[in-house]
Amino acid sequence: MSKRSKYDLDSIPQDPPYLQPGALVEIQPPEFGYEGPWHIATIVQRATPIHSNRFVVRFTHLFQDEKTGNRPLRMFNLGDIRPHPPPQRPRKFKNGDHADAYHNNGWWDGVIVQELKNGNYLFRFNSDNQWPKFVEFGVNKLRLHRTWFNGNWIPPLEASEIAVEEVQREEEPTKKTMEMEEYNERALVEVANDEDGPNRAWYAAIIVTPVGNKRYLIQYTTMRTDDNSGFFGKVMDTLHIRPRPPDIEVPDQFVMLDQVDAFYKGGWWKGVIIKVLSDDSKYHVYLATHEEMEFKHSELRLHQDWIDGKWTKPSPGVHL
């Protein structure tokens, strides 16, 4: 063996057990941002060139091809990878505990806000990209938050905390390709503006006429021109248009954690009830814009989601 080949062999990195092929790890994909969740994956191999400190992985719940059902191989830097900690025994949390919650197939960073009477916990997500901000979780979907630093968990994971069986995971939601909705003239719709960002409001409007390429001229019914001579009109595509939600019975009184839409500045903004005031006709609402505001009962409606061409109500006890 030549001196050069011996040098090359000795310089090959010796990976720890959690980076060996077949090992379960957690990865925070950079495209999800530094506040994004950690998703479970399997190490396939170290990428080439061998000194790149990149690894080929396959996720257990993400990036499934809708046609073949296969999950493609992805490549990540070592800094995006950490071990998948063993499942932990259910524990008693205290208000203010820094914790992780298993939600939408990933572990999200947040804080325990309150222990509920049913034994579950109210959890607040730290990420600005997650909505709703407050969600109720059972103890089997929670774990104490830990940071992976220089090859160690901080705080350390004690042997007494490790459970015998794996924590039950949420099932992966079925992925469907949404078909573009078609609208007739004079149809009653709601529209959203890109400039409002991801936490945008929905405004009542009327379809005036189609203009081609899945685009429509709409006229707002709650936003008037500056000179008050009429209502604004605008061309919008179907990604920013949805039917008016059906009328559903509004309760005589909203309760804590009800998901609602609040009418503000001519549009309906998504929010959650976080306080019922003493006269029972006013509420403090935490909006998706991360603002807390007071609304009258008459300014609120129950929130509904337009998903795959159908109106659905949030699942009770899960998305509050």
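Yeah, the Cβs are placed from backbone N, Cα and C, and that goes for glycine too.
Per TrEMBL, these features apply:
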| type | residues | note |
| --- | --- | --- |
| DOMAIN | 17-89 | domain 'Agenet' |
| DOMAIN | 91-150 | domain 'Agenet' |
| DOMAIN | 181-249 | domain 'Agenet' |
| DOMAIN | 252-308 | domain 'Agenet' |
Averaged pLDDT score, the domain 'Agenet' (17-89): 80
Helix, strand and coil counts within the domain 'Agenet' (91-150) (DSSP): 3 helix, 31 strand, 26 coil
Three-state composition of the domain 'Agenet' (252-308), taking helix and strand from DSSP: 3 helix, 33 strand, 21 coil
